[in-house]
C-alpha cells in the first residue's frame, strides 16, 4: 500500500510539472500527503481490536489530537489534567496519613485521625467526580494558538468525543474559544467507525484526517471573517 501511494505521488507530481496551472493543485496535495506519510514513517500504524470500544475511541482521540498538535502546530495545555492529578494527589495524601498514623498509634488510639482521613478521602473523591463530570466532561485536548503579533490572548481549541457502548457512531466535537472576544463556537461530526478502520482494525488516516481538518477549517474561517 505504501509503495502504491509513493507511485501515485510520483505520477501526480509529474503531471503537475507538465501541465499548465497544475503546480498549485499538486503542491496542495503533496502537503497533505507529506503530513500523512510522515505519520506512517514516524509512528507504527494504529491497529486495534474493532470490537473493543475503549480501544477504538482512544485511537480516534489520539489521532485527532495529533492532527491539531502536529499539523496546525498548536500548543497543548495540561491544565485540566493537572487539576485532576492535584485532586487525586490530595486524596492519596489522606490515605497515606491514615496508614502512617495507624502504624505509629495503633487502633483504637488512631480512631479520630482515621475517621477524619476516611471522610476527607471520600470528600475528595466526590470533588473528583464533580470535576470530571462538569469541568473535564469528555474533553481530551485543550490546545492554545499563539497570537502571531503577541498582542491578543491565545485562542483556545478543545477536542471532545463520545462513543456509546454497543454503538458504532463516533462523535467528535471541536470547540473554538476566541482569546480576544471570549466567544465560543463549536463544530462536530458523527460518523460510523467503519469509515475510519479497515477490515484488519487499522486506522485509515487518509479517511480520518480530512474530517478533522474540515471541522477545524470551518471554525477557523468563521474566526477570520469576524
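For all residues, glycine too, the Cβ spot is worked out from N, Cα and C.
The range from 112-132, 133-153, 154-174 that Swiss-Prot describes as transmembrane segment is residues 112-132.
Sorted by the number of other CB atoms within 10 A, the modified residues 169, 191 start with 169, the lowest. Summarised by DSSP class, the composition of the topological domain 'Lumenal' (108-111) is 1 helix, 0 strand, 3 coil.
Within the chain carrying the topological domain 'Lumenal' (108-111), a Cβ under 8 angstroms from the stretch's Cβ atoms is held by residues 98, 101-102, all 6 or more beyond its ends. With respect to their backbone Cα atoms, residue 169 (N6-acetyllysine) and residue 191 (N6-acetyllysine) stand 5 Å from each other.
Averaged over the topological domain 'Cytoplasmic' (133-226), the predicted model reaches a pLDDT of 90.
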